[in-house]
Amino acid sequence: MSDYKSTLNLPETEFPMRGNLAQREPEMLKSWTEKKLYQKIRESRTGAKPFILHDGPPYANGSIHIGHSVNKILKDIIIKSKTLSGFDAPYIPGWDCHGLPIELKVEQKVGKPGQKVSAAEFRQKCREYAAAQVDGQREDFIRLGVLGDWQNPYLTMNFDTEANIVRSLAKVIDNGHLHKGVKPVHWCTDCGSALAEAEVEYEDKTSPAIDVAFVAVDQAAVLAKFGLEQSDAEVATVIWTTTPWTLPANRGLSMAGDIDYDLVEFTKDGSKRAIIVAQELVESCIERYGAELHSVLGTVKGQALELLRFKHPFYDFDVPVIIGDHVTVDSGTGVVHTAPGHGQDDFVIGQKYGLEVANPVGDNGVYKPDTEFFAGQHVFKANDNVVALLEEKGALLNHVAYRHSYPHCWRHKTPIIFRATPQWFISMDQKGLRTQSLSEIEKTQWIPDWGQSRIEKMVENRPDWCISRQRTWGVPITLFVHRDTEELHPDSVALMERVAHRIEQEGIQAWWDLDAAELLGEEADQYRKVTDTLDVWYDSGSTFSSVVAARPEYNGHPVDLYLEGSDQHRGWFMSSLMISTAMNGKAPYKQVLTHGFTVDGQGRKMSKSIGNVIAPLQVTNKLGADILRLWVAATDYSGEMTVSDEILKRSADAYRRIRNTARFLLANLNGFDPVNDTVAIEDMVALDRWVVRRAAALQAEILEAYEQYNFHLVTQKLMQFCSVELGSFYLDIIKDRQYTAKRDSLARRSCQSALFLIAEAMVRWIAPILSFTADEVWQSLPGEREEFVFTQTWFEGLVSVTLDSDLSDDYWANLITVRDEVNKAIEQARREQRVGGSLEAEVTIYADEALTESLALLGDELRFVLLTSNTQIAPLANAGDDAVETELAGLKLLVDKTEAAKCDRCWHHREDVGQVEAHPLLCTRCVTNIEGDGEVRQFA
């Protein structure tokens with residue numbers, strides 16, 4: 001016999017080397033849908049302990065971006081890993097469907113409501129637009145391999161959800177948290193509506209910074225406070241502001257009670273002035289005003305000046321000095337211009353002193369007709385006119401352009417204003433909501449843990465929540481208010497339930513179609529319907545009640561986990577906490593996990609103008625969703641998540657390592673029947689027992705990492721195992737035994753059994769992350785099995801057997817180190833062209849006594865571990881000058897080219913080649929494997 005190829009156990013599998021993910025994944029998705037994969041997962045977990053991850057709804061507008069992909073993939077990894085852990089983990093995706101962005105898109109198509117179309121028609125167009133956006137985003141999310149109830153998602157515009165949002169508000173009202181008030185709120189003049197804190201972004205803006213003098217009404221009274229009887233100069237106090245347009249609404253001058261204020265006399269352009277400013281800011285003020293000389297006439301605490309009155313710089317009334325904790329001496333003058341209608345601090349201190357809440361500005365940002373000097377002017381355009389009038393009146397001491405951070409509308413990207421308007425608020429303090437929320441924050445696990453202090457500070461400092469909006473497309477605030485007293489109808493909660501019942505049937509339009517008499521009867525004339533809509537953050541913030549409590553899949557279980565981007569501490573996490581605590585006295589979640597934003601390779605935000613946007617569909621169409629999923633899993637999401645073409649290329653390289661490992665396992669399971677061929681772990685060859693033990697230990701680490709949501713550790717450990725323990729060591733060593741041993745021998749079946757156990761475990765390890773590839777591997781594994789890996793639990797066949805005391809974990813770890821040193825020495829000999837490959841090498845190991853004793857345990861099988869044809873061990877003292885030093889103490893190596901003949905079948909060079917006459921080209925080991933009982937392997 002001259003061709004021995006047929007006697008070898010060559011690897012064979014239909015599992016392809018190339019993933020071709022971009023082409024293969026859509027076919028798999030189609031199969032998953034046709035075979036009702038998600039429903040089968042649900043059925044497989046009937047009666048299991050629930051794990052509820054509640055989906056924070058993305059906004060139903062536009063294509064998904066890379067941040068959406070990160071979020072959905074992280075959620076999918078968790079859902080799948082929890083399912084593998086035996087939990088019943090449903091995933092119901094949701095969408096946020098009301099609000100301004102959709103209104104603006106619809107306005108562009110059909111015009112504003114009440115002009116070309118009725119409000120009812122406009123709402124219907126908004127509903128249709130949102131539905132189309134949901135359809136588009138749904139397909140994109142499905143393409144990422146995210147499993148969920150995609151055909152039955154929750155939409156905040158679903159009639160039943162809209163009704164439940166109304167019911168949620170009724171509970172908040174019933175618990176005493178709602179109040180109506182005229183308060184300054186963030187107001188976008190382009191939207192014509194109030195904005196929530198979460199709808200405000202801060203951008204740099206150039207504003208006029210001005211110092212304005214308010215002249216004393218009773219100069220003698222002011223001087224007396226400083227112990228003076230008279231002064232040649234006119235006495236004034238000075239404010240510094242970057243919002244000149246708010247001066248028409250000025251009603252007070254705030255000072256700090258415990259700060260020293262100086263009365264400073266100075267000369268400028270030949271005339272004297274006397275001004276009151278904070279002592280710490282005198283030098284900077286005098287420099288700013290370009291004064292020639294100055295002197296301090298006296299000093300008092302701010303408290304001493306309380307209720308002294310000063311003339312408004314251009315109106316015919318005067319305003320008082322008031323004392324406030326918000327005043328600092330960081331900049332300006334230490335005296336704060338106070339307009340209660342245009343600022344939160346101003347409003348609070350104004351309430352304390354009973355100041356008028358003046359609001360001369362209309363919804364559109366234009367001064368009202370009765371505003372002297374500025375009627376009909378837009379506030380930002382009026383700034384220059386205010387400055388000019390101040391100069392004309394002699395009240396302007398300084399005017400410069402000032403660059404600073406300023407609030408902008410998140411949608412229009414335009415500067416916003418604070419403006420006092422009648423609005424509905426959820427009070428933070430009238431029923432202890434702030435205190436209770438802070439208590440609930442402490443009971444919640446925040447991942448990363450800095451999330452706790454972040455949201456605590458926000459809750460501690462946040463104002464009452466303005467929940468009303470003056471918009472068309474939103475859930476209505478379904479209240480009846482008395483026309484004379486402005487009081488809520490005494491049966492408001494019961495009435496809201498009746499309205500909710502109608503909305504359940506007809507949607508939110510039912511409120512606007514409702515004739516008050518239908519519910520109020522003869523009282524109808526005494527009440528008016530509220531026409532405001534709810535802040536969309538209320539919509540999404542109440543979904544723990546409107547969706548989770550209502551969907552049968554959740555069976556009334558509380559939510560375990562909320563997972564969103566780090567901006568949601570002030571958004572969805574906050575609104576959900578406020579509403580849940582107001583309704584039920586507790587947080588809606590047990591754990592809150594946040595991930596960072598995606599940035600490019602240079603740490604910059606994704607921007608179309610920069611041209612660094614990476615669209616998820618471009619990645620899936622080019623590389624495949626599994627590559628994107630691997631990048632997400634491998635990135636530490638606790639900080640910024642860097643992504644670029646180069647980084648994705650590295651993810652593709654890592655993927656190939658995992659895929660090639662899986663393919664090697666599958667190819668070498670050719671002909672293996674798990675039922676009949678499996679070797680018990682205790683009967684395996686020592687090396688196989690060790691690798692099974694390593695896999696069992698790794699599985700424990702991987703499961704712990706999944707449990708802690710440390711997916712980057714999962715990928716690190718998996719890559720380490722594939723590259724080092726398997727790729728560079730175990731799989732390399734077993735090739736000889738796998739290919740050349742007798743087909744049904746214990747030596748080969750032991751190896752295959754270990755490979756099978758590893759493959760069964762690994763396919764589950766990768767399933768939450770590389771979902772498409774895991775399904776592909778699953779279909780290629782030998783033995784009867786259920787249809788999908790996603791209905792399985794973690795593999796229990798990996799038993800952490802106790803190794804022989806002589807062949808411990810430390811023994812094998814040390815052996816890997818020795819092998820690495822041998823490989824280096826052989827590679828050096830190959831570069832020097834002394835050997836062609838490792839099987840041409842004879843290696844002499846010069847070792848100290850301890851290492852000699854250790855290596856000798858393997859006997860002749862040491863050569864299989866080192867991949868050499870012959871290996872001999874000699875005392876370290878015998879090493880000659882030609883022996884190579886290694887990095888391992890007590891080890892030197894000598895590599896020589898073997899003189900022995902090469903076996904045609906196993907390619908080992910052995911002295912016994914040709915000893916069997918019938919097989920002159922084979923070594924005796926190969927003859928035994930062909931014609932005899934097969935070689936016996938004990939160790940490797």
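Cβ atoms here come from the backbone N, Cα and C positions, even for glycine.
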Motif ''HIGH' region' per Swiss-Prot - which of 58-68, 586-596, 707-717: 58-68
Which range of 40-44, 360-364, 410-414, 605-609 is motif ''KMSKS' region', per Swiss-Prot: 605-609
By Cα-Cα distance, the member of binding-site residues Lys608, Cys906, Cys923 nearest Glu564 (L-isoleucyl-5'-AMP binding site): Lys608
Cys926 (Zn(2+) binding site) to Lys608 (ATP binding site) - Cα separation in whole Å: 65
Cβ-Cβ neighbours of Lys608 (ATP binding site) (radius 10 Å): 7
Non-site residues, in chain order, whose CB comes within 8 A of the mean position of the CB atoms of Cys903, Cys906, Cys923, Cys926 at Zn(2+): Thr740, Asp904, Arg905, Trp907, His908, Arg910, Val913, Leu922, Thr924, Arg925, Val927
Rounded distance in angstrom between the Cα atoms of Cys906 (Zn(2+) binding site) and Lys608 (ATP binding site): 59
Secondary structure tally of the motif ''KMSKS' region' (605-609) (DSSP, helix then strand then coil): 0 helix, 1 strand, 4 coil
Assigned conformation of Cys906 (Zn(2+) binding site) - DSSP reduced to three states: coil
Integer Cα-Cα distance in angstrom, Cys923 (Zn(2+) binding site) to Lys608 (ATP binding site): 67
Cα-Cα distance linking Lys608 (ATP binding site) and Cys903 (Zn(2+) binding site), given in Å to the nearest integer: 63
